[in-house]
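Here the structure comes first, spelled out in structure tokens, and everything after it is commentary.
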Amino acid sequence: MLKQRTIKSIVKTVGIGLHSGRKVELTLRPAAPGTGIVFSRVDLPTPVDIPASAMSIGDTRLASVLQKDGARVSTIEHLMSACAGLGIDNLYVDVTAEEIPIMDGSAASFVFLIQSAGIEEQNAPKRFIKVKKPVEVRDGDKFARLDPFFGFKLKFTIDFRHPAVDKTGQALEVDFANTSYVREIARARTFGFAHEVEMMRELGLARGGSMDNAIVLDEYRILNNDGLRYDDEFVKHKMLDAIGDLYVVGHPLLASYTAYKSGHGLNNALLRELLAHEDAYEIVTFDDPQAAPSGFAFDTQTAFA
């Protein structure tokens, strides 16, 4: 049986919120089979638990934001991406602010945290959402699409007319049957343009943003002294985001995802469109792990490896 997974022990870290600039304490705790990934605002007078789900995503303008009973947890996509990449099904995420800390702007810190805690298989079958029919959403020239596929692969195209981005490649296709999430995707950082950062700060946003947690570009070049971690880091980060956005559906997808200029809002709209058509998907499990797609028949250290 291909089993559900959680972490072995509690692990904690401290970082800053990308937009608030405030210190955030983050605690990851093991969770029982069938729990899913549950975020908890432990700083509130009465803590609020917000299970990750497609229907709980509210604001998507700058990040994926979970909302419930007036409580928010923002910028969940990098942590969710790490959970997807490591095959974590069940987890409690305690936070002391309304933002998940940005860390270094990628998913690498969350991968390290989860691996430090250890990964534990649980005596319950891992559940997948198998896409049975194509589903697509569009917004002008932007689109995101899911097609039936026995595994998980993504094709993402960006279109930033910028000399530094043009040189790195604007399209990427990855099949996790033969690609390691940890090695090839997790370290890709978020990016932004210097003039946009200044505008956002005037609006009280991006107060925690710096070249320690983002790739920053001016009109012509990358400003970070250390350059890029991957030759195609820009499109890889958009793929990292998409993996996290899609994982809020509650289970790993067995599907092919194709996107052009998609973002958090369109990714969430795609999940809602999928869930609105009961004939477009089914929940499946695998009694024999070897019968699962090769990207998911992993050991307890890595997924998509």
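Note that Cβ sites are derived from N, Cα and C of the backbone, with glycine treated the same way.
The local packing around ASP241 (Zn(2+) binding site), expressed as other Cβ atoms within 10 Å of its Cβ over all shown chains, amounts to 24. What Swiss-Prot lists as Zn(2+) binding site is HIS78, HIS237, ASP241, and the listing cites sequence analysis.
Under the DSSP three-state reduction, HIS264 (active site, proton donor) is assigned to helix. Taking Cβ-Cβ distances under 8 Å and a sequence separation of 6 or more, the neighbours of HIS264 (active site, proton donor) in its chain are ILE57, THR60, ARG61, ALA63, SER64, GLU77, ASP241, ASP245. Per Swiss-Prot, the feature active site, proton donor maps to HIS264.
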**Asked** What is the one among the binding-site residues HIS78, HIS237 whose Cβ has the most other Cβ atoms less than or equal to 10 Å away?
**Response** HIS78
**Asked** What does DSSP say about ASP241 (Zn(2+) binding site): helix, strand or coil?
**Response** helix
**Complete:** Taking the centre of the Cβ atoms of HIS78, HIS237, ASP241 as the Zn(2+) site, the remaining residues of that chain with Cβ inside 8 Å are GLU77, SER81, GLY105, SER106, ALA107, ALA188, ARG189, THR190, LYS238, MET239, LEU240, GLY244
